[in-house]
Amino acid sequence: MSTDDVLMADAEADDAGELFVWPWTGILAMAAADEDADAATALAFHAHQHFAGVATTALQEEPTNHQRRQQHFLLLHFGKSWAGLRDAMSLAAHFAGAGRREWQRSGGSEGAGGVFGWAAVGEDLLGDGAVGRLLRESGAAARRVEEVEKDEASVAVTLGAVAGEYERRERFLAAKNEEMVRAVQGMEEESSWLRGELKELKAVADNSLPEMNHGVDEENEKLRAELDAIKGEIELRVDRIQELKECRTDLHFSKVEKMEAINAKVIQLEKQLEEKEAQESAICLLNTKLQAGENLRMEEYEHLYKLLTILKECLEQKSERFQNAYVDLTQRDHLNRNELQETHQEVIKCLESMVIGDCTVIGIKRMGQLDEKPFHHACKRKYRDDDPEGKAASLVSSWQKELKNKSWNPFTTILVDGEEKLWTEYGDIVCNAVKVTLRELNEYSPQGWHAVNEIWNFREGRKATMAEVVNYIFEQLKTSS
């Protein structure tokens, strides 16, 4: 059993059912004389010695009529993770014999110079002093450990369901996208082939029809009348097809009537296919004769002209259907992408609500926000004892604001071995961090130029997949249980 497990078991045995302050908080306390200025320093030293890197808040209580010494407090903010709870519980071991009960017993007036430490509980939250006021103002709550565990399990189950739905929609959209791409490619190939056939037929007609225009005005009028009749027949067929479509969607049709409508449609389409094949065969035969140099009879010229006209109208109608189908597929793809984005945002919200430690593998990354670590390293090297942490924080804050200005340029161009390179006075690591942030802003927010949340695989430095998110959630549940 690890040290953390021992601490957790001891805490549960000693404080079974006790309410702890959540987010988990630790309290260091010390009483000092009015003129003693080392109390805050001593508390900070103990906090740094046991919990380096944990955020703190210093408080001070003025002495009352019953107290002769000032009371100094240092609140340790351990966050919402299980690791934070273990750190808060470990205060009982670090300050054995100098906990909350001993502090209350002394009333802050005894044990001057001694440091007391304990995990904040509900009594601290409800207190009238500076500690209680600060905890209430920060929105802290008094909760039992088992309640937090139940809430996390519920959030994890919800997130797993959302992630599963997200994965299912992603696969569905991928399949639909492939289907649309194949359909569009097929349409383009068939359209290209039909345009080639039409061009070839038009060339044949342009070479042959002028010979028919001499002294055949009456024949032309007759031909136009026949073409009008054919056009009217095609319009009637189109209307009939539309009627059949409406009949198929009519809920009042019986099953027998629907089957009859479908059979009629199939018979009609088969008849149209036979007519098309006959027309193509006739065109090929006439084209063969023309290429062989044979003279066509007047009836054959007329028949060829009719066929060309019919095929042209069919091609135009088919092209229009292809265009309508493409527009419909594009609209569906846009709608599906919007739904996918909404699901993605829901997964981010659920992941943010989970209790996850600092060393997480899967989490939320702010794309377009500067990484603070390179700035801290650079300032420690550049300023050393001249408040490097403060200068790093100020530099990160100011540069993050400047990044919203697209015309701002923090780099200087220098020559290295005859090659131009970007450089800043803080070194290559800061330069590379800014370049990464600029690239993320261009990718995720090219218009708004602001940071955007993304589900991230921190171990591999890339966007996390839904499968990785689900697996990580279940691993966290197993660990917490």
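Every residue, even glycine, has its Cβ placed from backbone N, Cα and C.
As annotated by TrEMBL, coiled coil applies to 213-332.
Look at TrEMBL and you will find 18-125 tagged as domain 'XS'.
According to DSSP, the secondary structure content of the domain 'Factor of DNA methylation 1-5/IDN2' (365-480) in residues is 59 helix, 21 strand, 36 coil. Among the features that TrEMBL reports, domain 'Factor of DNA methylation 1-5/IDN2' is placed at 365-480.
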Confidence summary for the coiled coil (213-332), mean pLDDT rounded: 70
Helix, strand and coil residues within the domain 'XS' (18-125) as assigned by DSSP: 36 helix, 35 strand, 37 coil
